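Engineer: From TrEMBL, here are the annotated features:
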type	residues	note
TRANSMEM	290-312	transmembrane segment
TRANSMEM	355-379	transmembrane segment
TRANSMEM	385-410	transmembrane segment
TRANSMEM	422-446	transmembrane segment
TRANSMEM	458-481	transmembrane segment
TRANSMEM	512-535	transmembrane segment
TRANSMEM	541-569	transmembrane segment
TRANSMEM	581-600	transmembrane segment
TRANSMEM	606-628	transmembrane segment
Amino acid sequence: MKTRIDMDFVLVFTLVAFSTCSGFYLPGLAPVSFCEEGKGGDDCQTLIQLFVNRLDSVESVLPYEYDVFDFCKDDNERRPSENLGQVLFGERIETSPYKFSFKKDVKCQELCTKVYTKGKPEDKNMLDFLKRGMQLNYQHHWIVDNMPVTWCYDVEDSQKYCNPGFPIGCLVTTDGRAKDACVINSEFNKKNTFYIFNHVAIKITYHNGEGEGWRGARLVAATLEPKSIKNADAEKPTCEGLPMEVPGEFDSDLKITYTYSVTFEENNDIKWASRWDYILVSMPHTNIQWFSIMNSLVIVLFLSGMVAMIMLRTLHKDIARYNQVDQEDAQEESGWKQVHGDVFRPPRKGMLLSVFLGQGTQIFIMTFITLFLACLGFLSPANRGALMTCSVVLWVLLGTPAGYVSSRLYKTFGGEKWKTNVLLTALLCPGIVFADFFLMNLILWVEGSSAAIPFGTLVAILALWFGISVPLTFVGAYFGFKKPAIEQPVRTNQIPRQIPEQSFFTKPVPGIVMGGILPFGCIFIQLFFILNSIWSHQMYYMFGFLFLVFIILLITCSEATILLCYFHLCAEDYHWWWRSFLTSGFTAVYLFVYAVHYFFSKLQIVGAASTILYFGYTSIMVLIFFLFTGE
C-alpha cells in the first residue's frame, strides 16, 4: 500500500514539474523585456546596453581586453561579475559607450574621435598596437541582452554564415595582396595600408509581447555590418565616403572618428527561446557529425563481435574438452590457463598505477556528469563559463572516489606506504597540471593578455585544491584502506613463471601502439570540432553528439583492452596490469599527434609565445585524456 502511495506521489510530482517547466529559466538566463522611452518600469527596460568582451584572433593565442586597444571607452565603465570559468577562459566583459533607446533608430551617431600626433611616442605605440591587431585579424566580441552581436555574410553555395565576432580592420600588404576582410571591398586596394572598421550599422530584431502575456518586447537577434568610412568633418559625420585608411608608415597626424547607426525590426516569428538558432544553424558540419557517430558505431560493433566470438570460442572449446572421455587430456592446460598462478601477481610500480587509476576515476566521473548536464541544456553557450566552472567544481568535489580507488588497489597490490599513496593521489597529476598552467599564465602575464589569471583567482584555485580536494582524497583513502584487500579468485605462485619468447605483435610496445588506434578512430572527427571551438573561437553546442561519442569511446577502450589482454595471456605473458592501462591510454598519444597536425595544417598561429601556449595547453589536455582513457 505504501509503495502504491509513493508511486502516485512521484507521478503527480512529475506532472506538476512538466506543467510548470514553461516558466522555468536557468539562473541569469531569464528573458528581459524592453519598452519605448516613457513606458518603462521595473519589469520593462528602456535602455539597451551593449557590452564588449575580449578581442581574440585565430593567428594568436593571446586575447586582449577591449581597453588595451585605443577604442572609445565608457565614461561610467562597469564590469558584471564573472564566474570561475569565464576568468579561466580569459573573458573580460565590460560596458561600452554604445547605448540605445529601444525602438529609437539612430543614423550616423558620432561616438568619439581619436587623434594620433606624429612625434608623440605614446600615440605611436597605441597606433602600432592597433595595426598589429588588424594585421593578426583580431576580432571584436560584442554582447546585447546576453546574446552575441553577429556579423552575417554569404559564403559558398549561397549559404549565410553568422560570425559572433567581427574584425578590427584589415591590411593590404606591400605587394598589394588583400588580407582577411579586405577582400570584401574593392576600394581596399592601397598597398601597405590598413583599413579600420570605424563604423558599425547595427540591426536589432525584437519579438513584440502584445497578446503573448508579457509586457513590452524581447530581443531575438542582433546583427551588424562593419564599415570603414573616412568622415571629412568629425563633428558632423555623414558616414559616407572613402574608406578610413591607416598608412603603414606613421608619417603624418591621423584622426579616426568612430560612429554607429541603429535600426530596429519587429519579427514575431522568432521566439525568445530559439533566438540562438540563426547562429547555430549557420554553422556547417551537422551531416559530418552523423557520419562521425556512424563511423564510431561501426568500430564498436566490430570490436563487440570480436569479443563475443572469442568468448564463445573459448567457452565452446572448454566445454568440448571437459566433455571428452579421456579426462587426463582434459586436465591439460594450454594458453592463458597456464598463467593462472601468476596472473594476479602485483605489477611493478604498483604505487604509480594505483595513483593513475584513482585520478582517472575522478576525471571519468567529472566528465560524465559535466556532459550529462550539458546535454540537459544547463551548460549552453548562453550560460557563459558554466562548462569550465562545472568541471572544476566537480573535480574538486570528487577527491573521495580518487582516494578510495587508489588506496583500495594499492592495498590489493600489497603496498604498505599508505601515506605516500594518498599524497601522490592528491598531488601528483593535479600538481603537474597546475605547474604547466602556472607557466602558461606567466607567459600570458608577460604578454599583457587578458587570459592571464589574476593572482586572487590563483589563490582561490589553490584553496579549492588544498582546502577541499586534498581532504576529500584523504577521506576516500581512509575508507579504501579500511576495507579488506580485493580477494583474488586464484592463489599466486611463489616463484614467477618464465615468460616464453613473444612474437612481434604480442610484445608490449606494438600491442600498446595498436591498442590506441581504434579508440582514436571513434573520436577524431569530433576532436576536430572541439579543437575548432578552442583555437578557432567557434561555438560548440552539439553536446548530445559529444555525449554519444563519449559512451562509444568508453565501450571501444574497454573492448580493445579486453581483446589485447586476451591475446597476451594466450601468449603466456601475465604482465597485464600496466599493459591494460597503457593500451587504451595510448589514445592520448594519437591525440597529441593530431593536435600537432592540426597546428600546422589548420591554424595560422604566429609568434613564439602563442606556439608555446598552444602546446602547453595541449599537454594538459593530453595528460587528462591519458588518465581518462587508461582508467
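Yeah, the Cβs are placed from backbone N, Cα and C, and that goes for glycine too.
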Engineer: How about the transmembrane segment (458-481) and the transmembrane segment (541-569): at least 3 CB pairs under 8 Å, pairs 6 or more apart in sequence, or not?
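Structural biologist: The transmembrane segment (541-569) and the transmembrane segment (458-481): touching, no.
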Engineer: Below 8 angstroms Cβ to Cβ, which residues of this chain, lying six or more residues outside the transmembrane segment (422-446), approach it?
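Structural biologist: Same-chain contacts beyond the flanks: 62, 90, 351-352, 354-356, 358-359, 399, 402-403, 406-407, 452-453, 458, 461-462, 465, 469-470, 473-474, 477, 609, 612-613, 616-617, 619-620, 623-624, 627.
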Engineer: Other than its close neighbours in sequence, what residues sit by the transmembrane segment (512-535), given a CB gap under 8 Å and a spacing of at least six beyond its ends?
Structural biologist: 58, 61, 285, 288-289, 291-292, 295-296, 299-300, 303, 505, 542, 545-546, 549, 552-553, 556-557, 560-561, 564, 579, 582-591, 594-595, 598, 602-603, 605, 614, 629
Engineer: Looking at 385-410, 541-569, 581-600, which one has the highest count of Cβ pairs under 8 angstroms to the transmembrane segment (290-312)?
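Structural biologist: If we count Cβ pairs closer than 8 Å to the transmembrane segment (290-312), 541-569 scores highest.
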